[in-house]
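Taken straight from Swiss-Prot:
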BINDING   H95  Zn(2+) 2 binding site
DISULFID  C119-C130  disulfide bond
DOMAIN    40-150  domain 'sHSP'
CARBOHYD  S150  O-linked glycosylation site
MOD_RES   Q38  deamidated glutamine
MOD_RES   K87  N6-acetyllysine
MOD_RES   N89  deamidated asparagine
MOD_RES   S110  phosphoserine
MOD_RES   N111  deamidated asparagine
MOD_RES   Q135  deamidated glutamine
REGION    1-51  region 'Required for complex formation with BFSP1 and BFSP2'
REGION    140-161  region 'Disordered'
Amino acid sequence: ALGPFYPSRXXXXXXXXXXXXXXXXXXXXXXXXXXXXQSLFRTVLDSGISEVRSDRDQFLILLDVKHFSPEDLTVKVLDDFVEIHGKHNERQDDHGYISREFHRRYRLPSNVDQSALSCSLSADGMLTFCGXXVQSGMDASHSERAIPVSREEKPSSAPSS
């Protein structure tokens, strides 16, 4: 009487082992996908999150450049655009050696007074570019010019996203 049941019990045990192996493979794939998503998220954060604010009084760009010093950054205005470039040579970090470079370009609103632009870098690596908006009827000047980056000793007061 045990003969007919023995093979079916072995097949059920083999199927249960195969199902457990498939579940373990799916869990390993989900863990690998979560690690890849965290790595991608870290890369996005390190790429320089920016925020642009504009109202009737001022135009403001906030850019996370924590991996760069003021000497690594150039900010210039060309016609109606602000161009921000950051580059540092290869240096050692926790994982080996890395060099970074980025280019950002933003259109200035037509009412921004380009003769009164400022740019500063906070102690926590937040670059703040600011331009006052001119009142209607006044003419905003438009030409190419470099905007120096000054260093602030205090952290940025901008809310982090």
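Glycine is treated like the rest: Cβ placed from N, Cα and C.
With DSSP states grouped into helix (H, G, I), strand (E, B) and coil, the domain 'sHSP' (40-150) comes out at 10 helix, 64 strand, 37 coil. When other Cβ atoms within 10 Å of the Cβ of N111 (deamidated asparagine) are tallied across all protein chains shown, the result is 16. When Cβ neighbours within 10 Å are tallied across all protein chains shown, the highest count among the recorded positions K87, H95 belongs to K87. When each of the disulfide-bonded residues C119, C130 is scored by how many other Cβ atoms sit within 10 Å of its Cβ, C130 comes out lowest. Closest by Cα distance to Q135 (deamidated glutamine), from the recorded positions N89, S110, C119, is S110. Sequence-distant neighbours of N89 (deamidated asparagine): residues of the same chain at least 6 apart with a C-beta under 8 Å from its C-beta are S99.
Packing around Q135 (deamidated glutamine) is summarised by its Cβ count: 10 other Cβ atoms lie within 10 angstroms of its Cβ, all protein chains included. Closest to the residue listed as 'phosphoserine' by Cα-Cα distance, out of the recorded positions K87, C119, C130, S150, is C130. The residue listed as 'O-linked glycosylation site' is 12 Å away from C130 (disulfide bond) when you measure Cα to Cα.
Model confidence over the region 'Required for complex formation with BFSP1 and BFSP2' (1-51) is summarised by a mean pLDDT of 48. Contacts of the residue listed as 'O-linked glycosylation site' defined by a Cβ separation under 8 A and a same-chain sequence distance of 6+ are given as P70, S118, C119, S120, L121, in order along the sequence. When Cβ atoms from all protein chains are considered, those within 10 Å of S110 (phosphoserine) total 10, not counting its own.
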